[in-house]
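The domain 'NADH:ubiquinone oxidoreductase chain 4 N-terminal' annotation in TrEMBL covers 1-106. The feature transmembrane segment is assigned by TrEMBL to 27-47, 59-78, 113-131, 143-163, 192-214, 221-242, 254-275, 282-301, 307-329, 341-366, 386-410. According to TrEMBL, the domain 'NADH:quinone oxidoreductase/Mrp antiporter transmembrane' annotation covers 110-395.
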Amino acid sequence: MLIIIFAWLSMFFTTLFAPPKHLWTLVTTQGFFIALFSVSWIFLQDFNFSNSLFFIDKISGPLAILTCWLFPLTMLASQSKMYLEPVNRQRAYIANNTFLQLTTLLAFTSSDLMFFFIFFEASLLPTMIIITRWGAQERRLEAGMYLAFYTMLGAVPLMVWLIKFYSTNASLMSTLTYILSISQAPTTYPGLFWATYNAAFLVKLPLYCLHLWLPKAHVEAPIAGSMTLAGTLLKLGGYGILRTSTLLQENFLNQLLPVMLITILGILATALLCLRQTDLKSLIAMSSVSHMNLVVAAALIAHSWSYSGAMAMMIAHGLTSSALFCLANTTYERTNSRTMILLRGAMLIFPLAGVWWLTIVLFNLALPPTINFAGELLIMVTIYNWSPIAFLIVALNLIFTTAYTLYVLWSTQRGPLPTHIKTLSPFQIREHLLLSLHILPALLLILKPELIF
Ligand SMILES: *[C@@H]1O[C@H](CO)[C@@H](O)[C@H](O)[C@H]1NC(C)=O
């Protein structure tokens, strides 16, 4: 495992010393090689590896693979815009992205919960730098502030709990606590306790009501920032909840009904909110919130099926939402606008891109053979098992998801072509490659879904 970390560290040397002319080619190629190497190494361990520093199992393995896979894709996506900037800024951008990738990977794979916490928080730093330095508009500073304050505030109770847990049980190693079944002693208000210490994760996921930073961050972030944010950073929250849930013995669902209510209504509310967005990126961000709230619901139900569903959902969503941001970025790079009404009729000039839109949007909608569907189905089944009324509300979400999917397709692909976008540069092979590399893993997972359950 250290080999992989050092391999990723070697990216910094390439970033700093590569000749400016070949910077992006070298970085992207090296990224792909290291990603392939890491992915095959984790496969060879059969998702079952632990030593004193690292721990890979069925929960962290798939997420670590997702993190490794997305890094070269972010490099592939950002090069056309970044290429125009001064070389030093390009290097700083790549270095910050590598740093972000490294902290996320370390957070997913470290076996000690305190290390997890440190890297979890450390990932905030490069994210903030990327958003505030390379963001598109003035309001990126506000977005950075929101991000920092929400995350920092949520982190405090978690830190207190981790220190307390360490001082009573003398260990935070996931492997050890699991084997010796060390767990948190019963508390007076278990529901409140769960909600407080998970606040850091619920903010990161984000739970509805705590999600205000997300659309802002997404709208302001450059493409690599959006991709990593949607692809891996949100999953850190889900991973944290799943990872720490083994430290609790009881099921607190009865005391957590208010949180469950927020989650269930949040799924519906964000899907409805999507219908009212005019900004393409903030629509995709809202749809992420809707999907991630399903993960919160699954984690609250705490059943083995719902955990599998949450895992499938996170991996599938990581691939599809990142792909959606890439698509939004392809139009953004050409028209410098994210307003959907200005992007109408794209199918007339980019028919092949229309196919990508349809495919990826259908993945996002959870069309049956996809892995998104498998995740959603598992979660819905457990929700039905818990309460048929909650199930009905979540089922309504399917209708609104379809509605906003159609809204996206209609408003970006159909309709008359506005005159101002008749002279756009055609799609490059790079962009087709980028999108197919997102969809390929999602398609392969349909054939072998047991990898992430
Ligand atoms: C991130 O970017 C900042 C500002 O451009 C730069 O000073 C810093 O060195 C970068 N961080 C890393 C880890 O390279």
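Cβ from N, Cα, C; glycine included.
Ranked by number of Cβ pairs under 8 Å to the transmembrane segment (307-329), the listed stretches 27-47, 113-131, 143-163, 254-275, 341-366 are led by 341-366. On the 0 to 100 pLDDT scale, the domain 'NADH:ubiquinone oxidoreductase chain 4 N-terminal' (1-106) averages 92 in this prediction. In terms of DSSP helix, strand and coil, the domain 'NADH:ubiquinone oxidoreductase chain 4 N-terminal' (1-106) has 84 helix, 5 strand, 17 coil.
Of the candidate ranges 59-78, 113-131, 221-242, 254-275, 386-410, 113-131 contributes the most Cβ pairs within a distance under 8 Å of the transmembrane segment (143-163). Sequence-distant contacts of the transmembrane segment (254-275), counting only residues of its own chain at least 6 positions beyond either end whose CB sits under 8 Å from a CB of the stretch, comprise 189-192, 194-195, 202, 207-209, 211, 283, 286-287, 289-290, 293-294, 296-297, 300, 390, 393-394, 396-397, 400-401, 403-404, 407.
Within the same chain, residues 202, 205-208, 211, 214-215, 217-219, 230, 234, 237-238, 241-242, 245, 253, 256, 259-260, 263-264, 266-267, 270-271, 273-274, 307, 309-310, 313-314, 317, 321, 324-325, 328, 338, 340, 364, 375-376, 378-379, 382-383, 386, 394, 397, 401, 404, 408 sit at least 6 positions outside the transmembrane segment (282-301) and bring their C-beta atoms closer than 8 Å to a C-beta of that stretch. Same-chain residues lying 6+ beyond the ends of the transmembrane segment (113-131) with a Cβ under 8 Å from its Cβ atoms: 53, 93, 96-97, 99-100, 103-104, 106-107, 140, 143-144, 147-148, 151-152, 155, 158-159, 162, 165-166, 172-174, 200, 204, 217, 220-222, 224-225, 228-229, 233, 236, 240, 243-244.
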